[in-house]
Number of protein chains: 2
Amino acid sequence: MSVTVPKGFRAAGIAVGLKSTGKPDLALVVNDGPVHVVAAVFTSNRAQANPILWSRKAAEDRSARAIILNSGGANCFTGDFGYETTRLTAQAVAERLDLVADDVLVCSTGLIGTGDQRFRDRIVGGVPELVARLAADDAAAAAAILTTDSVEKTATYEGEGWSIGAMAKGAGMLAPGLATMLVVITTDAVLDAETADRALRRATAASFDRLDSDGCMSTNDQVTLLASGASGVAPEEDAFADALAGVCDRLAAQLQADAEGASHDIDIEVRGALSVEDAVEVGRSVARNNLFKAAIFGNDPNWGRVLAAIGTTEAVFDPYAVDVWFNGVRLCHAGAPDRPVEECDLSPRRTRVLIELFAGEATATIRTNDLTHDYVHENSAYSS
Amino acid sequence: MSVTVPKGFRAAGIAVGLKSTGKPDLALVVNDGPVHVVAAVFTSNRAQANPILWSRKAAEDRSARAIILNSGGANCFTGDFGYETTRLTAQAVAERLDLVADDVLVCSTGLIGTGDQRFRDRIVGGVPELVARLAADDAAAAAAILTTDSVEKTATYEGEGWSIGAMAKGAGMLAPGLATMLVVITTDAVLDAETADRALRRATAASFDRLDSDGCMSTNDQVTLLASGASGVAPEEDAFADALAGVCDRLAAQLQADAEGASHDIDIEVRGALSVEDAVEVGRSVARNNLFKAAIFGNDPNWGRVLAAIGTTEAVFDPYAVDVWFNGVRLCHAGAPDRPVEECDLSPRRTRVLIELFAGEATATIRTNDLTHDYVHENSAYSS
């Protein structure tokens, strides 16, 4: 159970043949109200899929009653035909639920360039069955949005009389910018649209935006928060925002743990930065350094590659006064080697790199993964 | 023969035990004049090795008589001790050649953090033999600067009575920013320091600066041009600059062809950009996209990953009006799939990606490589 934990939501997931495996590939989440608040953040990639273009417009009035999601095709760079497919998909859902098309958001994930007539027919043709299956049980919905993911990603939170539910997918092209992957979050808390929007932006900035598995930003990322108000309880804004941040953080950790081909989950904590922006820039420069990532795969605590990476940033610090720790062992201090690398054990999957800049008080943690043979294999044609 | 092709230069290379293989690891190039012009560009990484700090200062007066280079240790992040090692190295060469230390530039390459007492003793202790071996034959010098390189990289140019010679190393951490790798270029043309500097900056900007094999900028990159004036011939500035640009371009191609673990040399040509800067930004965004690079390894012409990459840039263009060609086949046109991917053969090592932005007249080509199992293997601890 995930998005149907809060009151006022139904969901469903079915297989319509978009995935060659025959697994579920079409999901629907419906907000039965009494209110229909939506807040959403989208990929900041300028190359945006048709469902992003549609959902951005449909969410402008901050109201949405349903969201339909498919795997098995990104419907990105599929031209006017692809945009019409998205519109027809929303239209089909709206007709069955007695709504207008603008009440329905659409998300797609899969191969860019996929979205032909067969793709359209399967989705639009599947809507009647999908709507018929709607229930307060969403197990099939969480499965239907997966692509190369190996496990479902869900998180819930129980407040005082209200709750949050969420489902996510994402295993590759995992470097969100102001948005991420496909995530649907539901709540039965009583929220106005502004509160929902503020809380969602704060939560995503500190969670998905600091996940950088492979440096590759998707064209289809979308995080959607739907609020039904069905609990009748209006939590304090801070309480709701903190709870939402916690849910997003747990989903981000699940995405990191299931990243394509990874053998290490690496948390890069940057301390002593002059600003959070500096801390994020420094952490991200390491997360995107292939030499660093390959070294971690080989259980090699190669601190020199950390310093070479952070030296390319504009952040305020003295490169010769930085401390670098790997899994609790300080390997570099004051511009020179410190403890012997042999003291550092990188065999566990969980890896912690700490970079102390001595430039201020700000801190941030970037989550990434190592660069492995399996990553190369899964993302080369050999795997498809 | 490379750097000793021009008149007025001697070189040598010997093994002093910095490399565990016993191969040559210490090289020296001496400019016997009559003039001793130097121009140099250095890594723009803020994390800079001790030899970079030294050489930058020593080249400030635009005069240098010798350059000593070692492989087997980067002498970067080795503290004050490491800087003193560099100074003692220059001093040892100066004493044997009756110069002052500031006449001697120093370059180092190898593992960051390497530069202890043994490292110092071997280099400084090797200088007498190195000087004794100086000759107008530089084969050992070109070998002595290699690390993971599999072949020597040299290039020469014969002008009307004057010539250029050059040697280079570089196989990993290959993404120069305003400089690159270790490169020594010699010429016997009569040049003033300003002309040499202008020509070198123009040549490196269009060659090494557009090589981005793995997105990882080194701490030790240095390109040095030494001019002896020994030919007595003063070429036109444009003739010299064009010749130098050609030499740098051929070296950049050799570096690309020998990149660690690569199975494809990928030239990403960006056309129709509003500015050269835009073209470079667009090309580099693709060159640094791991998903694109893994797809090429698998001979998969995944044009969607090209569009997802360029969509993250600030360059001026409409993502839905871009053409993308792989090896002469137009796979994307006007925001939709064009020719079938089956028409595209990516089995040859040489790979050409053409991106037509339709935004202006500027063009640039970025050279990169694919992301392979061998790259991961060579850069993980398994290989060391």
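Note: Cβ is positioned from N, Cα and C throughout, glycine not excepted.
Straight from TrEMBL, the features:
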ACT_SITE  A:T180  active site, nucleophile
BINDING   A:T147, A:K169, A:T180, A:E260, A:N379, A:S384  substrate binding site
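DSSP classifies A:N379 (substrate binding site) as helix under the three-state reduction. Among the binding-site residues A:T147, A:K169, A:E260, none has a Cβ under 8 Å from a Cβ of chain B. Secondary structure at A:K169 (substrate binding site), as computed by DSSP, is strand. Each of the binding-site residues A:T147, A:K169, A:E260, A:N379 was scored by other CB atoms within 10 A of its CB, and the lowest score goes to A:T147. When secondary structure is read from DSSP and collapsed to three states, A:T147 (substrate binding site) falls in the coil class. DSSP assigns A:E260 (substrate binding site) to coil in the three-state reduction, outside any helix or strand.
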